[in-house]
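Here the structure comes first, spelled out in structure tokens, and everything after it is commentary.
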Amino acid sequence: MLLHSPVLVIAKKEIRDSLRNRWVIFISLIFLLLSLSVTFAGSAVVGQLSLPELDALISSLSTISVFIIPLAAMLVSYDAFVGEDESGTLLLLLSYPLSRFQILSGKLIGHGVIMSFTISFAFGLTAVLLLLFGENYDVAATLGQFSQFILTSILLAITFILLGYIVSLTATEKAKAVATVLFVWFLFVLIYDLLLLTLLVADITFVNQYIINVLIALNPTDLYRAMNLIGTDAGSGSLAILSASDWGKAALYFVMSLWVFGLMFVANFVFRRRQL
Amino acid sequence: MNTAVSARNISHNFGSSVALDDVSFEMKQGQTMALLGHNGAGKSTLIKILLGLITPTGGEIQILGRNIRKNTNRSTLKLGYLPENVSFYDKLTGEEILTYFAELKGVGKNRVCELIEEFGLGYAKDRALKTYSKGMKQRLGFAQAILCEPELLLLDEPTVGLDPVASQFLYGKIDELKRLGCAVIVCTHELSLIENNIDTALILGQGRCLASGNLSELRYESRLKTRLTSPSLAALVNDSERLASLYTDDALLLDRESKQDVVQFLTSECGLFDFALKEPGLAEIYHFHMKKCTQIGVVS
């Protein structure tokens with residue numbers, strides 16, 4: 001009965017659609033390639049080949065993932081609504097006995113499953129290979145760290161899927177939606193971090209730890225990195241600032257959850273107001 | 001016959017622009033109504049109101065005896081809809097697409113199989129939609145619209161881009177549904193094609209109802225003249241002042257009142273039996289109303 005609920009019917013269709021257009025394979029391979037390169041060949045940049053410390057590895061992986069996961073998530077979701085609108089199926093779906101929230105939830109579950117699968121596959125396989133070929137890794141610690149890394153990556157992906165939906169729901173055509181998601185990605189992933197770092201380096205008097213925490217909370221990519229780096233010896237620069245955040249992990253997870261629910265609320269609000 | 005749709009004084013505004021202005025019509029179950037009008041006349045808005053996607057700013061609509069402004073539970077309405085130029089999911093197969101919509105409507109797999117066969121798509125049901133021709137896609141869309149065995153079916157340009165055989169196939173299906181008591185509203189610009197397949201028509205112009213009724217009523221209302229043609233007409237016109245006054249463009253243009261007299265005159269006085277009478281068609285009636293609409297400066 002549950003399998004025939006409209007939300008799951010829509011989720012199943014989204015998963016099937018993504019499998020057919022080879023998105024899942026494509027993203028999985030990109031994540032895997034990236035993860036394996038950072039793990040097994042990352043040390044090459046300093047002129048040697050060795051497996052990194054677990055903390056350093058998670059730090060490197062999160063630094064790379066923070067660029068690629070948001071982009072992949074938004075590319076999966078940007079045409080979820082504007083694409084269906086252009087093809088006429090959104091109007092058709094809305095003529096069915098479905099609420100807009102059901103359509104939104106169904107799509108989020110579908111796309112969430114796709115991103116969760118690709119992230120878990122790539123980084124999970126990396127963890128397994130690391131345990132098989134590395135000698136100095138504690139099994140429990142490695143699995144624990146990677147589980148947390150995978151969980152936070154999924155949360156980051158969901159956040160950007162929802163940002164992609166908001167773009168898709170406000171765009172009038174697919175081409176504009178693509179341009180907007182690239183701008184959103186650029187803003188959240190590149191510009192915001194740069195501005196944050198500038199602010200910190202400028203050593204302006206009013207910038208204290210509280211303001212830094214607020215600035216971290218205002219960007220899911222910084223939250224993601226803080227969640228993975230907190231309490232670790234994470235190097236220098238902005239990473240050190242993120243790892244020194246005096247928030248507990250629970251608080252960071254809570255703020256990330258607020259992002260997810262907040263964006264879900266906004267997406268639903270925009271969808272309800274969207275003119276047909 | 002029960003009333004399928006009853007719309008009274010429907011109005012709708014988008015901000016300051018008036019999409020529908022005091023539109024009223026009624027149609028019975030088992031009837032087909034053509035919804036006609038120029039681009040921007042308000043047809044799509046009316047369809048969206050009927051689908052429950054837009055709440056009209058004024059007026060009352062009853063569908064199958066239920067007031068749709070008050071009835072928020074749309075799942076109880078057996079309503080089918082085929083949007084204009086719908087493009088389904090290219091990567092999915094025909095059967096997967098129909099199953100998807102069937103599951104959303106709570107319709108069983110048996111109905112999907114039955115419709116696939118009925119619409120002659122059995123041989124292509126496992127093929128991706130991108131390999132389908134325009135006609136096949138439209139048949140699939142039509143099958144989607146009648147999944148729940150609707151009591152009211154709304155079709156937006158169902159035959160646009162189809163060859164005559166494919167169009168006739170769809171109108172054949174509409175006739176079958178009518179016989180089962182389904183009320184069908186067809187929004188189209190293919191007037192000559194739909195003329196023989198409708199019971200009534202509603203002509204909209206700039207959000208207003210310009211005319212409505214069956215073909216006879218529309219002809220009467222428009223007062224357009226009947227054309228009488230014959231190979232021997234030109235010779236007769238030269239000898240008759242009465243006929244000459246009615247003669248334009250190789251035909252006699254007869255109004256409702258004079259038609260019987262003139263025909264009687266031709267057969268009894270002139271011995272002419274080889275002639276054809278052509279009543280004004282839907283296209284002429286439509287163009288008449290559009291012209292009138294333009295003349296009074298309604299159409300921008």
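Using N, Cα and C of the backbone, Cβ positions are placed for all residues, glycine too.
What TrEMBL annotates here:
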- A:23-45: transmembrane segment (TRANSMEM)
- A:57-78: transmembrane segment (TRANSMEM)
- A:108-134: transmembrane segment (TRANSMEM)
- A:146-167: transmembrane segment (TRANSMEM)
- A:179-202: transmembrane segment (TRANSMEM)
- A:250-271: transmembrane segment (TRANSMEM)
If we skip the immediate neighbours and take only residues 6+ beyond the ends of the transmembrane segment (A:108-134), which ones have a Cβ under 8 Å from one of its Cβ atoms? 7-8, 10-15, 18, 23-24, 27-28, 31-32, 34-36, 39-40, 51, 57, 61, 69, 72-73, 76-77, 80, 142-143, 146, 149-150, 153-154, 157-158, 161-162, 165, 264
Within the same chain, where does the transmembrane segment (A:57-78) have neighbours whose Cβ lies under 8 angstroms from its own Cβ atoms, ignoring anything closer than 6 residues to its ends? I mean 6 or more beyond. 18, 23, 27, 30-31, 34-35, 38-39, 42, 51, 107, 111, 114-115, 118-119, 123, 126, 130, 145-146, 149, 152-153, 156-165, 167-168, 174, 177-178, 180-181, 184-185, 188-189, 221, 224-225, 228-229, 232, 234-235, 239
Within-chain partners of the transmembrane segment (A:146-167) [C-beta distance under 8 Å, separation at least 6 from its ends]: 58, 61-62, 65-66, 69-78, 80-81, 104, 107-108, 111-112, 115-116, 119-120, 123-124, 126-127, 177, 180-181, 184-185, 188, 220-221, 224, 227-228, 253, 256-257, 259-260, 263-264, 266-267, 270
